[in-house]
Amino acid sequence: QLDPENTGFIGVETFASLVHSHELPLDPAKLDMLVALAQGNDEGQVCYQELVDLISSKRSSSFKRAIANGQRALPRDVLLDETGLGIYKRFVRYVAYEILPCEMDRRWYFYQHRTCPPPVFMAAVTLTQIIVFLCYGARLNKWVLQTYHPEYMKSPLVYHPGHRARAWRFLTYMFMHVGLEQLGFNALLQLMIGVPLEMVHGILRISFLYLAGVLAGSLTVSITDMRAPLVGGSGGVYALCSAHLANVVMNWAGMRCPYKLLRMVLALVCMSSEVGRAVWLRFSPPLPASGPQPSFMAHLAGAIVGISMGLTILRSYEESLQDQCGWWVLLLSYGTFLLFA
């Protein structure tokens, strides 16, 4: 009735009166976004298809840009002004400010976030790593630097360049750790950084990034440190951390996480210390060992994967990767590296 010519558009004032007269149960935040979208186009009209996309929680890059253009008309400009939130919603808001650099992205994520599916990948990986460590620790009665135990390095999960034919080892080494220090460091970073990233970007993107770092780590050891075994999930952990840190640096002005400079410095110091510790154990082990100690090259390989592929994944929130030319270039480069290694 309001669009007799079937143009797909009606005036924003007409739409506002329609919502008021029919008392439609629409989310006020979505109505704010729709009004901002209408004010962002030339004619100031509400598009029916954009209304459908908004109600069904779909968004395109053009939709995002149009909302950003009309952002000044939004009555609540800062998500931090939201009051009366429960504990979980406050945690979701905290995650939004930790991960996303744009206020509109943060608001969109906050209002569209669903508890299902939960961030199960990083939690499952961390739990499995702890269980495997406890099992080997109880079996060998040795909880620190277990690689000095010959039986530990005979595990079918440990990767060694001499066992390349056993293809599962390229990934399963991420469940083995040389001691409480390495396990604690990796588990802490996976939960503090990996879980928020998975909540925002989804299980598929984050699991792909993590496993890409793990696989790159084992293959890098195969061609650079061919005598050394490899244990630990550092390849995946450094892929996540380096991608997140690079994203923070690239969007420094837009990030609103507190004490970001101090936290950036602490993160870099901790990661550098872990790499230095791994290098020291590789070349100057404190105790005589029967063979080479685990390699540190997985740390570096994971960091490279995170800065290249990971940065593209994290910068494309709510946008399809397959539509980006840069993503295909990086994917082709990674595939070339896999074939070479």
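The backbone N, Cα and C atoms fix where each Cβ goes, glycine too.
Quick look at what TrEMBL annotates:
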- Ser234: active site, nucleophile (ACT_SITE)
- His299: active site (ACT_SITE)
- 166-315: domain 'Peptidase S54 rhomboid' (DOMAIN)
- 120-139: transmembrane segment (TRANSMEM)
- 170-191: transmembrane segment (TRANSMEM)
- 203-223: transmembrane segment (TRANSMEM)
- 235-254: transmembrane segment (TRANSMEM)
- 261-283: transmembrane segment (TRANSMEM)
- 295-313: transmembrane segment (TRANSMEM)
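In the predicted model, the domain 'Peptidase S54 rhomboid' (166-315) shows an average pLDDT of 89. For the transmembrane segment (295-313), the partner stretch with the most Cβ pairs below 8 Å, chosen from 120-139, 170-191, 203-223, 235-254, is 235-254.
The transmembrane segment (203-223) shares the most Cβ pairs under 8 Å with 235-254, out of the stretches 120-139, 170-191, 235-254, 261-283. With a 10 A radius on its CB, the residue listed as 'active site' counts 23 other CB atoms from all the protein chains. Residues 146, 152, 155, 157, 174-177, 183, 186-187, 190-191, 194-195, 198, 203, 206-207, 210, 233, 236 of the same chain sit 6 or more residues outside the transmembrane segment (120-139) yet have a Cβ under 8 Å from a Cβ within it. His299 (active site) sits 6 Å from the residue listed as 'active site, nucleophile', counting Cα to Cα.
The domain 'Peptidase S54 rhomboid' (166-315): residue composition by secondary structure is 111 helix, 2 strand, 37 coil, according to DSSP. Residue environment of Ser234 (active site, nucleophile) contains 32 other Cβ atoms, counted within 10 Å of its Cβ in all protein chains.
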